[in-house]
Amino acid sequence: MSLNPRDVVVIDCVRSPMGRAKAGCFRNVRAETLSATLIDALFDRNDKVDPAEVEDLIWGCVNQTLEQGFNVARQISLLTRIPHTSSAQTVNRLCGSAMSAIHTAAQAIMTGNGDVFVVGGVEHMGHVPMTQGFDHNPAASKYSAKASNMMGLTAEMLAKMHGISRQQQDEFGARSHRLAHEATLEGRFRNEIISIQGHDDDGFPALIENDETIRPETTAESLAQLRPAFDPKSGTVTAGQSSQLTDGASAMLLMSAERAQALGLTPMAKIRSMATAGCDPAIMGYGPVPATKKALKRAGLKVEDIDFWELNEAFAAQSLPVIKDLKLMGVVDQKVNLNGGAIALGHPLGCSGARISTTLLNVMAAKGGTLGVSTMCIGLGQGIATVWERI
């Protein structure tokens, strides 16, 4: 494949193990530390890259308060070997924050405003709960459904609109845990996970090497015993087929193709296209459909051209309508979330966009795919998507 000088390429991508938000392995580790460990690992793994070349550190984070406040990207940068002369910014597109960080860096590279960027995201949902400090405007209900801020109810709505049954959701949830467990046992996460010091259940220091969120014993039958979490009377969405609350971070090293070539680096992939799109906040989980269609159109591609997909599993009730309307139902087991997803691994809000992209790029490398799409829904009615081409 020939590369244009301003093509945006990925040199490397990593993530932390995923820890439970409630009394999990990272309960005594701060968000900045999780992130800084990954950034230094990128430079350890790619010693031809001088940290002084980093134009900007761009970090996704949703709840920017407490330890995640006051431009957490800069707080993180100051803990790494990136020099003080490089800049840093924190971005927030709710669930799509880390993918927006990727897009922001890519746009800068494409327009000649920098050659080397470190991007990613973090969310410590144990230390900074999802709605910490949020003050919802009551007047918003004049303009969008009052339940739009209640993500579980938006998933219930999508399931009803698309005829997704409780059994389908339970089977999809069990699939996520099964595939993530298999990926762990077979070492498929080994290249993307950076081990980080945390604590075990007894409080002793421990090197955390694997995701602690995966429940290998999960079956569709066991999930069928759970009560609805958001609509007790007639709901189908349960905690067991929803994304977990977790602590985690992810990081990527992005570069212009010409700088990568000058440094003698072999990129993993390049960005073919990017897109964001809006949808009705009451069905926020549908956002990946218009975003993906827009990104594919910009790349001159069709759904059938894509070898592998990573869809953030906010809820099974949300993922299945997206899969259905992207016409992927018949190829799920060959192409979609082959190492499990957020139902098993969790959804640390500001981290997930880079996490799913990292997992996708490793799946593409392992299985020989050329084209991949990472896409996710975003609270309040948005979607974001990236089309990747393996080099």
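Quick reminder: no glycine exception, Cβ is built from N, Cα and C everywhere.
Taken verbatim from Swiss-Prot:
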{"type": "ACT_SITE", "residues": "C95", "note": "active site, acyl-thioester intermediate"}
{"type": "ACT_SITE", "residues": "H347", "note": "active site, proton acceptor"}
{"type": "ACT_SITE", "residues": "C377", "note": "active site, proton acceptor"}
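Cα-Cα distance from C377 (active site, proton acceptor) to C95 (active site, acyl-thioester intermediate): 7 Å (rounded to the nearest whole number). Using a 10 Å Cβ-Cβ cutoff, C377 (active site, proton acceptor) registers 32 neighbours. Non-local neighbourhood of H347 (active site, proton acceptor): C95, S243, Q244, L245, T246, N312, E313, A314, each in the same chain, at least six residues away, with C-beta under 8 Å from its C-beta. Its own atom aside, the Cβ of the residue listed as 'active site, acyl-thioester intermediate' has 31 Cβ atoms within 10 angstroms in the protein chains shown.
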